[in-house]
Amino acid sequence: MAGRAATSSAKWAREFLFRRVSSNPLGATRNCSSVPGASSAPKVPHFSKRGRILTGATIGLAIAGGAYVSTADEATFCGWLFNATKVVNPFFALLDAEFAHKLAVSAAARGWVPREKRPDPAILGLEVWGRKFSNPIGLAAGFDKNAEATEGLLGMGFGFVEVGSVTPVPQEGNPKPRIFRLSQEGAIINRCGFNSEGIVVVAKRLGAQHGKRMLAETSATSSSPSDDVKPGGKSGPGILGVNLGKNKTSEDAAADYVQGVHNLSQYADYLVINVSSPNTAGLRMLQGRKQLKDLVKKVQAARDEMQWGDEGPPPLLVKIAPDLSRGELEDIAAVALALHLDGLIISNTTVSRPDAVSNNPVATETGGLSGKPLFALSTNMLRDMYTLTRGKIPLIGCGGVSSGEDAYKKIRAGATLVQLYTGFAYGGPALIPQIKEELVKCLERDGFKSIHEAIGADHR
């Protein structure tokens, strides 16, 4: 195994050191009036002095890894590589927030990130919607908006990855700057406004990736025993969700979501109707009882009228805001139960400013707040929704997760699956195995033998 790991490391180092990368000058804009050609990976922005420092540090780690791997087995080297990213990650804090985000997506798209080779502990595995998740920890929408890096992100050890939000027509989103760090509080404020390359570009990318994943699945199936429920998604290893949004200027929201279903659902293991971003005017009004019911009916009909194989159509979820009243939650729960919605994601970012950020001047920026200060609000709402839906609908807990204990609290409150984004932005790749390891300890500490046993434990 050491020999294979050494070969893999050497190949990775060569690619990193010698691959020529096309550059995209910082601040360059795309033309919204035309659909850009799909590419397998995003352009890397021009490196500033800080960017060159970051690159140099990463190259140094690659060289050190090459020297270390010759004496380590694959699993040991894998752990070392994830831990080594802790050295690189602080350099991202020196960069502009959106530039750092683009750089991270570019790295993941090119495979310049650690790849998890160690199998997940059996205690973390669970079945949802007829799919086997190797672990319940997923990456929320917003990181890989345009499906540029799904393979690299899934390879890092997430149980599932959600891309988007994807709008029908390309749009730039709101003016920059639009992402703001509150580092002391472990939070971010964003007002991106559904910046998206559009469904045509994303569909091309997902189609190309779909073919690769199918090949990987075929290879894995031929070498493993058959099972009634296969691990991974419909088109290969890893579960892929697609989050759908509406265009800012669209007058028919339902038509936008239906267009997303028609173009992207064949590549998705689940679909998400995003009606909760605070950065698109009027979007959150779609969470009202009548509006949501009408919208979900139209989207379900569009999905169900398509031709599906034995696996059937992808599950349909709705992502809701954390700033809802008890009455609004009751209305959403009633719609979800009446229409047999497949799941809810709780929650999106908040427009409120909890006491934890009140002394930070950045908190006055307009936009949705995510990260640690959102944890209590989103978890309390998750707990309420589990009660209102009587535990009959799978819930994805999202908001403020930055540790295994946080993920465990979400699960006990009623989450079947858990997502993170801001925690990943601050913690980097090393946070993924750390959360899974801590989650296992939490489960074993309280005597649970599986994730399923712990779901909703606070209600029993």
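Note: Cβ is positioned from N, Cα and C throughout, glycine not excepted.
Record note: Swiss-Prot gives N190, R191, C192, G193, F194, N274, V275, S276, S277, P278, N279, N348, T349 as substrate-binding, and the candidate from K132, K145, K372, K392 in that site is K145. G400 is the residue from G111, G211, G400, G447 that Swiss-Prot records in the FMN site together with A141, G142, F143, D144, K145, S165, N243, N274, K319, S347, G371, Y421, T422. Between the listed ranges 53-69, 325-341, Swiss-Prot ties the annotation transmembrane segment to 53-69.
Here the candidates are the binding-site residues A141, N243, K319. The one whose C-alpha lies nearest to that of S276 (substrate binding site) is K319. For the pair N348 (substrate binding site) and Y421 (FMN binding site), the Cα-Cα distance reads 11 Å. The number of other Cβ atoms within 10 Å of the Cβ belonging to A141 (FMN binding site), over all protein chains shown, comes to 27. In this structure the alpha carbons, written CA, of S277 (active site, nucleophile) and G193 (substrate binding site) are 8 Å apart. Comparing K319 (FMN binding site) with R191 (substrate binding site), their Cα atoms are 17 Å apart once rounded. Cα-Cα distance from G193 (substrate binding site) to G371 (FMN binding site): 18 Å (rounded to the nearest whole number).
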